[in-house]
Amino acid sequence: APKLFSSEFEVYESSPYGTPIGDGMVAEDRDEGDTLLFAIVDGNIGNAFRIGGCSGELSVNEPVMFDYEARQAILLTIGVTDDGQPPLNDTALALVHILDVNEAPVCSVGMERSILENEAAGSPAGQPLTASDPEKQSLRWTIEFGDESGVVYIDAAGYIRVQETSKVAIPGSTINFEARKSYQLGVRATDDGVPPLSCTTTVTLTIKDSNDAPTKPATPPVLFIQENSDPGVIVARFPLVDEDTIAAGSNDSVTLSIVPGSPGYDELTMAHDPRTQEAVIRATSVNLDFEASPSFIVQYTATDAGGNARAPPKGFTANFTVQLININDPPTFTHPNASAIELTIGEHAAAGTPLRRYTGDGQAPGVAEYAVAYDPEGNSFAFDVDAFCTMSEASLPVGDPARCDVAASRQRQAEGTQGVPPFTAHPTLGNLTMRDNSMLDFETDQVVMLYVRARDTGIPPVSQHLTVRVHLIDENDAPVMTCPTDTAEGKHAATLAPLTIAGKPFRACRTFQMPETSIAGYRSPGFLLAATDEDNNQVEFQVVTGMIGGDEALPAGYADGSELFEAKNSMAGGYVPGELAVKVGGKFDFETRPNVVLLLRAYDLPSKPGWTSNMSEPVLVVVELTDVDEAPQWRTDADGKVHRFVSTNFEAGAHIGKVLPAFDPEGASVIFTLEGSSTLFEVDSATGQLSLKTALPGTAAIGDTFELDLTVSDGEKEQRFNGIVVVKVVPPNNPPVVADQSATVAENSPAGTLFGDVLTATSGDAGQTVSFEIESSVPAWGVDAIQVSPAGQLSVKADMLDFENTTTIVLSAYAVDSDQAAPAYSPFTITVTVSDADDMPECVSGGLVVSETVRFNDTVRVGDIFCADQDLDSFTVGVPASLANAFSVTDETEPRFANNSINAWLNSTSNNTDPASLELRSAVLDFLVRHQATDVRRFAVFAFDQATDLMDYENKSSVPLHSYHLPIERRDALTRQADVLVMLEDANEP
């Protein structure tokens, strides 16, 4: 049988897999040639070992089982077996000693600690740092990175603590919340094994805010301040830091106060400027006087508000030295010698009226007052009034932002929030007088303060002020006409264009509608003039005459109503005071001047003895006439008749002059009827052409006249005019001979374009010449589009020609001879063919609206415009290059979207009745008549921030009010430009 010998081995803990353990087990067998096989029989806990079957060598199989701290040895039973017959075996023990090895500690992760700023050296940041060491060895902590200035350290127990000032890496460094709110510290824990091992981790150290006390200056400042500094002026600064007030949005503040009783308490004030971290010293109204005290020490306190953390306040008491600089002293007032005197003046006193001494309410004013002063240095000086306050403003406590004094008044004047003072002082005599009474109102402030200044010519110039209290005397105030704003009438009035009358712009204050046929005495239902009067006097009204200057002084479509209306101020005749009534009827015509304008004033009836009546500023009233169906009228000669001439040689059927000049004010067709049973004359009922029914009888002599009675009708109303047409017999005159003629003109031709051959006609009598006139046309608007010169040259009168709408215009014209006594007219027609040309793309707006202010770097959608080209050409739409930084136009071409958008807009505005919406809808509907829905394209209009400089809601000259005219370029083969209207919305502006 084999023999196995027990053995002892050693192995280091944590040895890796496969590590050999010793030289192997020793065995012997007397039978030569037997092969021995080794195996672990028992004790192999956790399968820690493996053994070579032939060699008997032990090695590591599971490294985790070799942990010195868990076990120091393992006892194995090893077996050996030979391969003889029968096989024999033996067992022995193998004792394996596990040797200890130093292992690295394990640091905790995600550790967070916090500490207040300004803590004393050695103060801990919460609990100690944690790490575990397998050998339970002592650990030493170090900071590897994250604290370059060295303001913290870690002690032997693992506490993060505040470093001593003398040991910081960067001198002067501290833990300061305002400078740094957290640290990411890289830390290392090292054991005391052999060799020493370590672990690393990161720790978040959060710094908590605490109240930083204001920093007391190391050395008391010495401040050099000029004597006699003006009240409120900053006279000195010195550094004073409170870190809690530096950051934007800080909640802390520092209160600086001069200690009561300290020198400078009355002459100086202190405040802390957080922007510059300085103490700011200002002068008060108590003068600093070098002659009285050239230098003094000021004691002050500085106290914060508890910091942003709202801790208990901190502060200090310190001092600074003031060294006054001797400068030029101001003049000294000697008369009046009081610091404040009482004067009086009427609230509406004229410029130059002297202020007089106040002797009491209701008492007659005393003598005119003046100022007297002298200058200590003998410099020359001048008086003026440079500040003005109301008594109520001047009485407010110091520190109230509404309080007024010399400095506040001068500041407001500089900013433009207060006008120059209403009073003035003679520069040398000191006489105090009214300059401008527009700022004075007894009903608002019965007492005001003026500040008379004496300013010398020294170097530098200095001044002294005399405070004067002025009691205003109540005087009759002019009434003020009331213009409604929030009512329907007021909103409508705001849409009317402004008018310039006698060089002054007027906007409509009041407006109402009235039939054009209104007679004397007519009053608009519910229309009442209104005015206010501060003195509660009775107010009456009057129409201002002579100021407008007649119809011709007004734009087309406006009539002067100054002589046509009167204001009612009593109940007489059944009127109500304040009503406006027609004074002269029959002078209104909707068709020629649909708007009648007049100016009105209010005047008061003073209730106090001695007061005289005052009148308000005139206001504009616009009367909008409404159309009334009227019978046709005549355009007559100066004598009220229509004159025609018939030559003795005219034959039956000959036309007698031009068609009769009757017209319907509403534009309807006129029907002519010749009354009586005339055997000589007849009239074409449709055209009004008068002609001979039969030749003149032989008894007709040159100079004979025939008076004709005619009735004219528009189909609804008719009127007979007796003797309206006078036909006079004149010597023989043959009419010109003319044939119908034709010409061609291109659409879109501008006004003044000549076209066609010169018209031709032959005079009926030798020695005469022929001229040409156009009487009417089909369509009717042709006479507004085409004109002819007397010599027969056709030309475009207005740019109205459109091939897509009208290709032919037939003009009814006359060839007229030059007979001085009775020119003969020969009618003929001119057929004008309109040829096709490139049409400009047409655009309409669905209502563009934008705020007058576009925010910085913003882009806003203003609205949509819809465009189409009658020629179906391709085209683009945009803004001129000069506006490319302010506006843009984006093509949203899909026709289906354009059609849906335009229909949605029409539906959404179907119930709108305001004039602007009705005009927009009419334009869009006309546009859709001219273009197929599939040809319409939609374009979006955008505004950029730079458009703000171009748009102004408050612009009073814009027509209509609150609008901007945006140029839009339409580009096909040509580039043409037209404006679209953008309505502005008001925005709050600085």
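Easy rule for this one: first residue shown is 1, then count along the chain.
In case you wondered, yes, glycine gets a Cβ from its N, Cα and C as well.
Per TrEMBL, the feature domain 'Cadherin' maps to 3-107 (among others). Helix, strand and coil residue tallies for the domain 'Cadherin' (3-107), in that order: 6 helix, 48 strand, 51 coil [DSSP].
In the predicted structure, the domain 'Cadherin' (114-223) carries a mean pLDDT of 93. Under the heading domain 'Cadherin', TrEMBL lists 114-223 (among others).
Positions annotated as domain 'Cadherin' by TrEMBL: 217-333 (among others).
Under the heading domain 'Cadherin', TrEMBL lists 440-481 (among others).
Annotation comment: TrEMBL describes 506-634 (among others) as domain 'Cadherin'.
What TrEMBL records for 646-738 (among others) is domain 'Cadherin'.
Annotated domain 'Cadherin' per TrEMBL: 737-843 (among others), in sequence order.
For the domain 'Cadherin' (440-481), the list of distant contacts is 228, 327-333, 336, 339-348, 355, 358, 361, 365, 371, 373, 375, 377, 379-392, 394, 404, 406, 409, 421-423, 425, 430, 432, 509, 529-535, 537, 539, 600-604, 606, 608, 611-617, 619: same-chain residues at least six beyond its ends, Cβ to Cβ under 8 Å. Within the domain 'Cadherin' (114-223), the DSSP-based counts of helix, strand and coil residues read 3 helix, 40 strand, 67 coil.
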